[in-house]
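Structure first, then comments.
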Amino acid sequence: MNPQAKLLSITSLFLGSTITITSNHWVMAWTGLEINTLAILPLISKSHHPRAIEATTKYFLVQAAASALLLFSSMTNAWFIGQWDITQLTHPTSCLLLTAAISIKLGLVPFHFWFPEILQGTSLTTGLLLATALKFPPITLLLLTSPSLNPTLLTTMAVASAALGGWAGLNQTQTRKILAFSSISHLGWMTIILVYNPKLTLITFYLYCLMTIPIFLTLDTIKTLKLTTMSTAWTKIPSLTATLMLMLLSLAGLPPLTGFLPKWLIIQELTKQEMTPTATIIALLSLLGLFFYLRLAYCATITLPPNSINHMKQWQTNKSTKMLTTTFITLSIMLLPLSPMIFAAP
């Protein structure tokens, strides 16, 4: 891809996200989301592969539908209430339409079908942008409107997302699709606590990004797109593949790794809100995710490659791991154990 075109796309992504996050008027927020959608399209289609073109078309149609719903929601609210302010969304129909629009933008159940397909059709670096950076503006809009949204609807969608993210990921062999269903499952955890503690939703999103970024960067470094190649990739950079297992377990939410922190806080908050059955259900559903993370970890570190005569050995590379990757790896594994030391420091 042309460096100037790539620079323009990335700059537009920053601009669109900034406009949406900082705006308090619905039309400005909508404009920012549209800039984001148009900026990511060249990055999705840059390989010119039929799968990439298909993914680009699907992404454009889905995001256009979501943007139209969002604009319709804000116009309905302005018609009845006379307010274009984001925090003044109070009309019930507008709240329902907004929930649907943002769910389509994020890929929450039952509007999740597009997300795994599009992630499968793009490169790992573009998939990383789709799974982290492009989710931030819609989540910001959800946070701003959270007092007006329907808690029952959000809880139902959150539990459904956690369930489907776990169930659908069990049968996958493509790493990008597994990470897509992992994203849907984590979105369920973020949504369930949105009405009760919006700051906790934001913390969960930040920590999810912190854990997902090094996994995408590691898979991109070792050039692994499916489980069969993952089992033979450990010879390339053994130390990186070994830490990949810890990163996956952190994403699964096992203590004492970083991923345990948001789940622990969310279950604690749900119990305070007297929603113990919901907390129990979503905690049990996270076990489904744990299964496919463990399968990924098993393929990455424990499985021996087949030793047939015509099998091509993968030689260890001399390429050093980038500083950015190693920093994110450390944070994704060690943030929770190190937090008492950070807080205790003068």
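Residue numbering: from 1, along the chain as shown.
The backbone N, Cα and C atoms fix where each Cβ goes, and this holds for glycine too.
Since the structure is predicted, the reported quantities are computational estimates derived from the model, not experimental observations.
As recorded in TrEMBL:
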type	residues	note
DOMAIN	23-287	domain 'NADH:quinone oxidoreductase/Mrp antiporter transmembrane'
DOMAIN	290-343	domain 'NADH dehydrogenase subunit 2 C-terminal'
TRANSMEM	59-81	transmembrane segment
TRANSMEM	96-115	transmembrane segment
TRANSMEM	152-171	transmembrane segment
TRANSMEM	178-196	transmembrane segment
TRANSMEM	202-219	transmembrane segment
TRANSMEM	240-261	transmembrane segment
TRANSMEM	281-304	transmembrane segment
TRANSMEM	324-345	transmembrane segment
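A contact between the transmembrane segment (281-304) and the transmembrane segment (178-196) is present, since 3 or more of their C-beta pairs, 6 or more residues apart, lie under 8 Å. Distant neighbours of the transmembrane segment (96-115): 33, 58-59, 62-63, 65-67, 69-70, 72-74, 76, 89, 130, 135, 138-139, 141-142, 145, 149-150, 153-154, 157-158, 160-161, 163-165, 180, 183-184, 187-188, 191; these residues of the same chain sit at least 6 beyond its ends, with a Cβ under 8 Å from one of its Cβ atoms. Tertiary proximity for the transmembrane segment (152-171) is limited to same-chain residues at least six positions away from its ends with a CB under 8 Å from its CB atoms, namely 96, 99, 103, 108-110, 112, 116, 177-178, 181-192, 194-195, 275, 278, 281-282, 285-289, 291-292.
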